[in-house]
Amino acid sequence: MVVAVGRPSNEELRNLSLSGHVGFDSLPDQLVNKSTSQGFCFNILCVGETGIGKSTLMDTLFNTKFESDPATHNEPGVRLKARSYELQESNVRLKLTIVDTVGFGDQINKDDSYKPIVEYIDAQFEAYLQEELKIKRSLFNYHDTRIHACLYFIAPTGHSLKSLDLVTMKKLDSKVNIIPIIAKADTIAKNELHKFKSKIMSELVSNGVQIYQFPTDEETVAEINATMSVHLPFAVVGSTEEVKIGNKMAKARQYPWGVVQVENENHCDFVKLREMLIRVNMEDLREQTHTRHYELYRRCKLEEMGFKDTDPDSKPFSLQETYKAKRNEFLGELQKKEEEMRQMFVMRVKEKEAELKEAEKELHEKFDLLKRTHQEEKKKVEDKKKELEEEVNNFQKKKAAAQLLQSQAQQSGAQQTKKDKDKKK
């Protein structure tokens, strides 16, 4: 007997008080301990022109020196280079992957510059989807390479966004969390920088580019995120060099006219970027990647494969029903293909039989022709043989007659000689 158990509604749930300590209040601690032991992964995609300061900013953000090869402006196309690192802060381990867009914006024809980036992001989604679809999944040990944040480096022109930037961000906004930043912000005057920021945000809105929205629905981060959102795009300066300022050493850039401190919020937005990207919203970026961007890719892929939540009448459609429907569809296609192949095979066999019969007929005709030719040649040879035999017989007869005449002549000559000798005596 099968008993159907329905999902209880909220009205059926009752709040009960506990008479003693049970222990499930330790669930948050269990989750923290499990996450700490497993470690975390975070993947950053840096999109920007060559020499705009992507590597320097990454070094500054994470207070370390990552491996980086100096890039030239002679790349034939855009290629993506990913490097992974193991970082540890206190007892928290982070597997960080930094993906650089080498050669971006260096080509004369920039129409397809975004394609390698889109293909790379989709490839990481596809790899994760294939791991999910395995019968024996191993997501616990799987190295998740999906991009969690895209830092889009905008050149400090002070005017407006380049068409390449708008096209690329529009192609990426449904696939990744875009955080626009103005690179090398120390090259723009402060009053121009404010206008430049407003211009960029206006162009993004007018062109329908969806950038990452800092979450404001959680009380713990709502206030700081709401405050920081007005500073987008962040104007940043990166530097790993320390300069003495007063009695302290600070990361800064030294110029003849003065010093630009990286962590001074009056000089640039580096601290705001670090707060938003790492200290406040890193987990939300990871969650948004999985629940929004990856789910969109997964849904599209499953729909391409024929899996849907509802049937044509908008009725719920279970996975088992989808499987049966697709199985029947594939079986029908298979039978159709088999019948087509059978018909094709029969047709090919008939064509081959006709070819073989025609070839056999030609061979018989050639054989008959050769046979007649052989018989004619044989007859000619036999006739020649008879002629030769007759000639040989005639020759033998003539030879015998000649020998007889010669013998008779010799005998008569001998007799004549004997008579002559007798006369002399």
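Backbone N, Cα and C atoms are what each Cβ position is placed from, and that goes for glycine too.
Swiss-Prot lists 38-304 with the feature domain 'Septin-type G'. Across the domain 'Septin-type G' (38-304), the model assigns an average pLDDT of 90.
Annotation comment: Swiss-Prot describes 48-55 as region 'G1 motif'.
What Swiss-Prot lists as region 'G3 motif' is 100-103. Sequence-distant neighbours of the region 'G3 motif' (100-103) (same chain, 6+ residues past either end, Cβ-Cβ under 8 Å): 45-48, 50, 54-55, 68, 71, 75-83, 116-117.
For 320-413, the entry in Swiss-Prot reads coiled coil, with the evidence type sequence analysis.
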The region 'G1 motif' (48-55): which same-chain residues, six or more beyond its ends, come within Cβ distance under 8 Å?
66, 68, 71-73, 75, 100-106, 151-155, 183-184, 238
